[in-house]
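Below is one structure, written out as structure tokens; comments come after it.
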Amino acid sequence: MRDAYLMMVLMDALKEIFDLKEILKSPIRNKKVILFVSLVFILSLVLLYILVVNIKYFSYLGDIIFQNFQKHVENLKITLNEDNLHIILAIWKNNLTVCILNYILGIFSLFVIAVNSYILSYVLYKFGAESFIYLVLPHGIIEIPALILSASGGVLFNMGLVNFLINIKFGTKREVLYYIKESLKLLILSIILFIVAGIVEGTITFKIAKIMFS
């Protein structure tokens, strides 16, 4: 009887997690966590841009981080002569890796958020607003929310684990299950957005890059 009950609970949970309406409502229910992660991203972006512009050390550190980022992009083996499908698949692989990593890291995904803010602030400083608008914004307006959602999902997952392991104030089984379900809904939504962002980056952004660098 207990096994049958657990199976029924699991099936109900999976049905809820993959319900599109529930997935779309999840950001509203978890807006406080998402706003917190968004605030970390925005403050990091603004603060790091100010530091990169005004302090040489941060500009130098930005050089190192950006060079490592370029090496990572080169490892994807994307060139201006590649077909769109190859580019999109390579971007998807990279984006989904970041998405899952963000989720697994939990609260430590805020460090990933800060590093991405550093890269964006450095690109804006190094290449100027025009290049930033053309080469980052087309896919960035989708990719950045996806990054924030995956990090938010990771934070929620951590909250569930803390409740489970330490059994603090709201550490009931129902509360733990709620956190895990909500975190997975945000993860699924972030994956969807990362897929869309990859298509935009592999088509629109890529075409803009070809025009600018040809």
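These residue numbers are counts, starting from 1, taken along the chain as shown.
Backbone N, Cα and C define each Cβ position, glycine as well.
The model shown is predicted, which means the values in this text are computed figures rather than measured ones.
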**Fill in**
Which range of 6-26, 153-173 is transmembrane segment in Swiss-Prot? It is 153-173
**Item:** Within-chain partners of the transmembrane segment (186-206) [C-beta distance under 8 Å, separation at least 6 from its ends]
**Value:** 17-18, 23-24, 26-27, 30, 34, 84-85, 87-88, 91-92, 95-96, 98-99, 102-103, 135, 138-140, 142-143, 145-147, 149-150, 152-153, 156
